[in-house]
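Chemist: Got a structure here, written out as structure tokens. Questions coming.
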């Protein structure tokens, strides 16, 4: 069979392009409602029509690229992209509620000489806003097939596929002259839009009302900070029950193995290695899903762009702009998508600065670490109405990362990546009710990735650590736990020379090494190390109680501070290398983060030791 | 505000809640950076003859602003907004 026809899906940001791509291919693609959400290459074959392959290109307002992700769109369409072949046709997605603006881009695309089909999307929303468009007349005027679609309801999809196959066979529309300049195309687009629009519409009332509240100088800010605070409180409060259930399940399994298997190698690798290690991580799945749930909702409702607007002035104080807020907020879930989302920032210096500070945003993989230490050392009591002390400490840790990131940005902008501030221009999309299916698919995808990580990287490093932790075996008549004589004990002992001034014992020092594979492995590693040094106690009371007995409060605080600042996992460093095109900046990132982590921990540990 | 109608002012000088019609997008013609900024403003949706309304301003220093332009809402800083000239209505 010959290779399928390649069709590029293009359009302005916020036209529902990714949703249409999803509906056509049945592929799971992240759908977000802020400009520049599509940063990865996504392709998929049309359902029931494998002869058409779609490629979802980043949303753009024109063919003059303004940012790295827009450059991808321009290169693919021009056939100059390094890996992508030139598409056979264009599927241009047009927002029916904003016709004149989107048509200007259609006129520009028409100059490429490729066959085009227009999806007049969100036609249901247009009807609700009492906008009436004569799509047949529009099709005649443009000489291009126009199909009315509602991506989320799968309306118009068979017709769309049919027209795509049709235009691929008959070829591009004949040339039409709409002028060379932007201004001329704007004029032509306005003329066509006015001709085919039967009724102007009343605008999106809900958006206007909501913006009056959500962008209010006082109420809007209170809502933004309340939202962020609620998000972090919920991470603790909502996750409690499912976490208890998972913990009980793992405990039950360990007990079952302890009772049925003979003492020895197999029991130890199962209970002390795999279940202690992987179990210590899997238990955080509910918290990570809650965090992602909030971020997905904020993205898909269109609120994220408002948050960027509210934050722009603060960001400009440190030399960035409000746009950087979006990748930075995504970094709370994971620094990797955050660093990649920085592609939508047009100014190269701003983009670099955003990448360098993204790891200071507390990613979800650090939640397990924070949770265990907070549960072990911070009393579970309330301070004021509905505010738990544990939640408050967690919030402060996040805040510490944010403040450090802002200071780092200001310093980097001033001394390292010198450059002028970028402009800030951002469309505030209409508010939309989040599509529950897309949110659930997004969560499912996160859960799958997390469990896959737990099943691969974390499982392997846990087993390797377990082996290093039991060999070599302790000499006869040893007075310390066996693990102290193992490779882990030896390596931990070396590292302790570096980390003793910040209060880390050899167990912690040893756990930091596998923690570079993935943040949460540090907790798994502590689980394994402590499980081996006193496995009976560990089985009965769990890691939280063990740590509470083994560490002093200054050590615990220092450990928390370490995780706020310390260089991130290897995947983050790898993605920073890819996105900055070399080793210079990732190495700089590791060095400066290590530096502030060590200094901050030293101050924390020494101050806490002196005071307590 | 009758005395202000028909006066042409930069968009950045518009008061919150007031409306206008875009008369031109202009700045230093010879400055490459400025003409690039004007292109960007056009791409995102600003164009002569469209109605604009200053809807919101940032709680910090009243900058950036959010304006309705045609059927969309765009957030931008006042310095860029000043490249857009509007006739107050």
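Placement of Cβ uses the backbone N, Cα and C atoms for every residue, glycine included.
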Chemist: From A:186-212, A:213-239, A:240-266, which range did TrEMBL mark with transmembrane segment?
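Modeler: Checked against TrEMBL: transmembrane segment maps to A:213-239.
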Chemist: Please identify the range among A:483-504, A:505-526, A:527-548 that TrEMBL labels transmembrane segment.
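Modeler: The listed stretch tagged transmembrane segment in TrEMBL is A:483-504.
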Chemist: Of A:354-378, A:429-453, which range does TrEMBL call transmembrane segment?
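Modeler: When A:354-378, A:429-453 are checked in TrEMBL, transmembrane segment belongs to A:354-378.
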Chemist: Test of understanding: applying the rule of at least three C-beta pairs under 8 Å (pairs 6 or more apart in sequence), is the transmembrane segment (A:483-504) touching the transmembrane segment (A:324-342)?
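Modeler: By the criterion, they do not touch.
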Chemist: Could you check if the transmembrane segment (A:213-239) is in contact with the transmembrane segment (A:384-412), meaning 3+ Cβ pairs under 8 Å among residue pairs at least 6 apart in sequence?
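Modeler: They are in contact.
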Chemist: Cβ under 8 Å to the transmembrane segment (A:553-575), counting only same-chain residues 6 or more beyond its ends: which ones?
Modeler: 335-336, 339-340, 359-360, 362-363, 365-366, 369-370, 373-374, 376-377, 397, 400-401, 404, 502-505, 508, 515-519, 522, 547, 586, 589-590, 593-594, 596-597, 600-601, 604-605, 608-609, 612
Chemist: Are there residues at least 6 beyond the ends of the transmembrane segment (A:587-608) whose Cβ is under 8 Å from a Cβ of it, and what are they?
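Modeler: Residues packing against the transmembrane segment (A:587-608) from afar: 355-356, 359-360, 404, 408, 416, 501-503, 553-555, 557-558, 561-562, 564-568, 573, 576.
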Chemist: Where else in the chain does the transmembrane segment (A:384-412) make close Cβ contacts, counting only residues six or more beyond its ends and a cut-off under 8 Å?
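Modeler: For the transmembrane segment (A:384-412), the sequence-distant neighbours (Cβ-Cβ under 8 Å, at least 6 residues beyond its ends) are 229, 232-233, 235-237, 314, 317-320, 328, 332, 353-354, 356-357, 360-362, 370-371, 374-375, 378, 560-561, 564-565, 592, 596.
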